[in-house]
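Participant: Got a structure for you, questions after.
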Amino acid sequence: MIWQDGKLLSPGAVLPGDRVYHGMRIWDPGHSKVAALCHIHGEPPVRNARILYLGAAAGSTVSFLSDYAEVVYAVEFSPRPVRSLIRLARARKNIIPLFEDARYPERYLPFVEPVDLLIQDIAQRDQAEIALRNLIFLKQGGHLILFLKLLSMGTDKKREDRIVEVVNLLEHGGITDPAVLDLDRYHTGHTAVWGIYSLSKNFEK
């Protein structure tokens with residue numbers, strides 16, 4: 001990724017509303033959890049990668065990922081942001097918009113090739129389970145990044161207990177040593193869980 005003067009930059013075509021620095025788009029950590037992750041904890045492997053992004057919304061973060069990736073499969077189920085996502089995909093040929101519910105990955109299975117990176121950004125009670133269902137697309141050794149909004153999972157348990165619960169679920173599903181990464185500096189109440197998919201570990205279960 002491209003960094004200049006502490007700014008994360010993106011080399012793609014400038015879109016309306018983008019801030020620009022030295023002719024490149026500024027990837028704002030306050031507007032994108034992926035950018036926040038890069039600023040606080042390091043870069044995920046996005047360059048020339050095949051990425052599946054769950055919860056793409058109107059495609060702001062997806063557009064930045066597409067500047068670096070080979071292809072981004074962008075799943076969104078809300079009609080209004082999907083319209084913006086489709087317009088974006090017309091201008092960026094390596095974005096494939098999928099108007100689907102990420103809880104049912106079998107519905108878009110024919111359209112998604114194996115990916116190097118799976119990003120889950122859906123704030124629902126079953127957000128960890130949604131990530132696990134979509135592991136069918138992730139290559140051996142591929143990376144999973146799950147953005148957790150813990151309040152969306154209910155208030156009946158402590159934050160720490162929720163995180164332990166999610167980590168245990170991911171490990172049981174084949175994610176190796178998931179790291180819990182705080183994003184509060186830019187996104188209050190959000191946590192990232194980042195791990196690597198190991199089929200052999202899954203089989204051991």
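Residue positions begin at 1 at the first shown residue.
Placed from the backbone N, Cα and C atoms, the Cβ positions cover glycine too.
These numbers come from a predicted model, not from an experiment.
Residues or ranges marked as S-adenosyl-L-methionine binding site in Swiss-Prot: SER60, THR61, GLU76, PHE77, ASP101, ALA102, ASP121, ILE122, ALA123, GLN124.
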Participant: Measure the Cβ-based neighbour count of ASP121 (S-adenosyl-L-methionine binding site), defined as the other Cβ atoms within 10 Å of its Cβ.
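Facilitator: Result for ASP121 (S-adenosyl-L-methionine binding site): 25 neighbouring Cβ atoms inside 10 Å.
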Participant: With S-adenosyl-L-methionine as the bound species and SER60, THR61, GLU76, PHE77, ASP101, ALA102, ASP121, ILE122, ALA123, GLN124 as its recorded binding residues, calculate the greatest Cα-Cα distance and give it in Å as a whole number.
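Facilitator: So the maximum pairwise Cα distance among the S-adenosyl-L-methionine binders is 20 Å.
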Participant: My understanding is the cutoff is Cβ-Cβ under 8 Å with a sequence separation of 6 or more in the same chain; which residues meet that for GLU76 (S-adenosyl-L-methionine binding site)?
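Facilitator: In sequence order, the residues whose Cβ lies under 8 Å from that of GLU76 (S-adenosyl-L-methionine binding site) (at least 6 apart) are GLY55, ALA56, ALA57, VAL82, LEU85, PRO97, LEU98, PHE99, GLU100.
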Participant: Can you name the residues of this chain that are 6 or more positions from SER60 (S-adenosyl-L-methionine binding site) yet have a C-beta less than 8 Å from its C-beta?
Facilitator: HIS31, SER32
Participant: Give me the count of other Cβ atoms within 10 A of the Cβ belonging to ASP101 (S-adenosyl-L-methionine binding site).
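Facilitator: ASP101 (S-adenosyl-L-methionine binding site) is surrounded by 15 other Cβ atoms within 10 Å.
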